[in-house]
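Engineer: Marked as active site, nucleophile by TrEMBL: D77. Feature annotation from TrEMBL assigns substrate binding site to Y136. According to TrEMBL, the domain 'Pseudouridine synthase I TruA alpha/beta' annotation covers 171-281.
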Amino acid sequence: MIRLISEKPISKKSAKRIRYAILLAYRGQNYFGMQLQKEYPTVEGCLLKALLENNFISKEEYKDPFLCYFQRASRTDRSVSAVRQVCTIKMPKNNNFITNGSDILNMKLPLDIRIFGIRRTTPSFHPQKSCFARTYSYTLPTFAFAKSNELTSAAFRITDETINEISSVLQIFVGTHNFFNYTSKKQYDEKSCCRFIHSFKCGPKRLFRDEIRNEDVEFITIFIKGQSFMLHQIRKMIGMVIAVCRGFAYKSDIQKSFENARLDLPKAPGLGLVLERLHYDYYDKKFANLHGSLSYWGDTIENAVEDMRECIISDILKKEVTTYNMLSWISSLINHDFSENDDSAIPPLAIAGGIALGKITVVQNSMKR
């Protein structure tokens, strides 16, 4: 039985403040990202409102979340979902918040945002800075990897050979590289552009029934684990992988993209991107016995989170087969030449696309833009 808190706010001036970690998941299609934006619906906006309505925070803290030290582990862009996101808040000690806070907040939250657990943390814990690594997934139809001479449609079925080829392309990104070409408003010499990728792997494939067209569409999920990621970085990495596999770019173009020349790289749609897990390895090693792990929340909570994950992935599959979002994006690959200014290095398919669009003209058997 859930014991609801009193409507009378707790005095926050004299009470000792405790930092709490909140584990939540959300289906991002109805939101303009995770981070608070006053003009648009966001996940943080809904969460802060629920905290206010249950008197866990004051009106002043709702208007200025910095007053309650509200922080999030990872920003997610518009329409991007999260299976395991962590936020922290400082508030007077309240054991009821740990025991029943999830159920209490869920009563005020939309059904596409769910709280799964709340744990006390150390005073110095920071959900972003204390995070050792983050794992994201990207789910997309396998026809995205069809060759230029293969049919790009729901009938496409990926082969083991193609999966091996994709894996070899993914491996190029593993390690420390300068990813300034994979974000915006960054320069090559900025230290923040250097990021470490732990792993980049193909996951399982699955069939999903398109009830409208009465056909099965094959999907595959790609998992990427990295120390941290910049704005649009993963989507551009996926875009380059697709471009290479389809013949619009070379593997060597990926190596070139880590160098100091600004290249024209495609950005894959945001629909398939999901924040899967946050890794607090160092924190857990020191404090898991005291306050509980923040990487693994126990079988009961993790099973509930996996159920939410199935809903999130199902949303992605349904929207993809309804809108054919990826197919539309693939047709835009022809707009990219994946190079700076060396036309001789542009792949044949990219050259053909440039000619078709009038971006490249044929002059005396040489290509000029």
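Each residue, glycine too, has its Cβ placed from N, Cα and C.
Bear in mind that TrEMBL entries carry predicted annotations, made automatically and left uncurated.
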Engineer: Just to be sure I understand the packing, how many Cβ atoms besides its own are within 10 Å of the Cβ of D77 (active site, nucleophile)?
Structural biologist: 17
Engineer: Count up the helix, strand and coil residues in the domain 'Pseudouridine synthase I TruA alpha/beta' (171-281) according to DSSP, in that order.
Structural biologist: 29 helix, 40 strand, 42 coil
Engineer: Using a Cβ cut-off under 8 Å and a sequence separation of 6 or more, which residues in the same chain sit near Y136 (substrate binding site)?
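Structural biologist: Result: F223, I224, K225, G226, F229, I234, L273, V274, L275, E276.
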